[in-house]
Amino acid sequence: MSMKMMKRDGENRIKGKRDVQERKRNLYVMICNHLANNGYIDTAACMQREIDINFDNYEVADNMDLYYVLQDFEEYYELRFQKKPTLVKKTGDNPVKKSMLNRKPPSGALKKQGSTSRASGSSSTKAQKSSKEELKVKKSKSSVENQFSLEGKNIEIQKEEVKEETPEEYFENRVLPPLPEFVLAGELKDLALSVQREIITSNPEVSFKDIIGLTTAKKLMKEAVMLPLKYPHLFTGLLEPWKGILLFGPPGTGKTMMAKAVATQCKTTFFNISASTIVSKWRGDSEKLVKILFDLARYYQPSTIFIDEIDAVMSSRSQSGEHEASRRMKTELLIQLDGLIKSTDERVFLLAASNLPWELDSALLRRLEKRILIPLPELEARKALIHLLVPPTKSENLDYFEIAALLDGYSGSDIRLVCKEAAMKPLRRLMDRIENVDTDTDDFDWTPITDPEKVPQPEPVTMDDFLQALETTKAATHVIEQSKYQKWMEEFGSV
């Protein structure tokens, strides 16, 4: 090898390394700019601290943007290969996979291997150039022969059918936008972060089909949230969707479960708010939290705000001895609700639940357009619930109709406790046979069973088990309270 060739190879190697460094630098600058433009200020600042680049000396060109670079690549790839590129793939259910943050940088051997591969690629530049020149000569000859002929190639782009996104895919694929700029300054950022943490990001895995009965409540939920998103042109003017619904009734009847179904199936930004979220010990912070809550709901719309046990924060203002801070917070909440009702282009929906509706402020009731009683389950609903919790495969000669009749006055939560207590009876009998549970805990063998097949299964649940469970498990709701809910529904209800 002559000295000129060695010098050329060395220059190509140096140029290749320089190109790699410049490409990485450009990528880092574009990523940092993309993060900053989308509101991830802290992430961009942390990236600038970790990367050994003076970002003050570089800025993204006017016609460059990381999002459009990626979009152009996807369009080119789809045009060429008739399919979309796979940029990100799921890690699967393998728990051994480590997080990307725990990955170590490549070792020296890997770096050396990469550099040698790039060097070998640069050394073969001469052969590639010669092949390209031959290809150009062939193309020039064919173009001279066919210079007056026209040729075209029809490229059909395969269009994928748009499938409806399931709730699991919605929660997996959803990326929550960063906080807006108007809450990033000063103390508002900490308050906004505390409200943002209440957004449901995991799938509650409760659908409307899982709720037995409550047909009227489920229909109104769909009218208020789901149907306006699907048919926005129909819900306008006088037909604009409901902005506030109150679910009230005895404890354990399914009010919170209804909210979980809304969070699962309605595909909106769901704020799960409790009293601790919007009540602060610092003067003026409670009003700010309420305002930030509704501002973020408008920013992330379509949104659903669920306030459980709303009577804890919106009791009647006519009560004596109420603190001034509590009155200010209630006033701010009423103002924000009034703004929701008057607005026509904001897709923000308030869902409230209460066990004590008669303690709510009258001004709040006016702003909650629908007030629905969630009653105790009827006979058919109780029978279906018992059949679901204790199916025939795990029971023996159960009279579901008789058990449902005996559970009159029980809520859904109470029925579940009765079924659990009945199912515990065979398990206790099994434990009495294979273990002496009454012995002292010091003599008890706490070693877990490694082979479950060696342990016998409990016997099926019998009718006697249910009768014994009914004797020890009573309903949490009194008959007098049920009549009180019905009377309040007749006076203030709106279905």
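Just so you know, glycine gets a Cβ as well, placed from its N, Cα and C.
What TrEMBL says about this one:
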type	residues	note
REGION	89-140	region 'Disordered'
COMPBIAS	112-128	compositional bias 'Low complexity'
DOMAIN	241-378	domain 'AAA+ ATPase'
BINDING	G249, P250, P251, G252, T253, G254, K255, T256	ATP binding site
Sequence-distant neighbours of P250 (ATP binding site) in its chain (C-beta under 8 A, six or more apart): N355, I374, P375, L376, S411, A476, T477, E481, Q482, Y485
ATP site shell beyond G249, P250, P251, G252, T253, G254, K255, T256, criterion: Cβ within 8 Å of Cβ centroid: A353, N355, I374, S411, G412, S413
Coarse DSSP state, helix versus strand versus coil, of G254 (ATP binding site): coil
Residues that sit under 8 angstroms from G254 (ATP binding site) by C-beta distance, when 6+ apart in the chain: I211, L214, I374, G412
Local confidence of the prediction over the domain 'AAA+ ATPase' (241-378), expressed as mean pLDDT: 84
Binding-site residues: T253, T256 - member with fewest neighbouring CB atoms within 10 Å: T256
Listed binding-site residues (G249, P251, G252), ranked by Cβ neighbours within 10 Å, top entry: G249
Other CB atoms within 10 A, centred on K255 (ATP binding site): 25
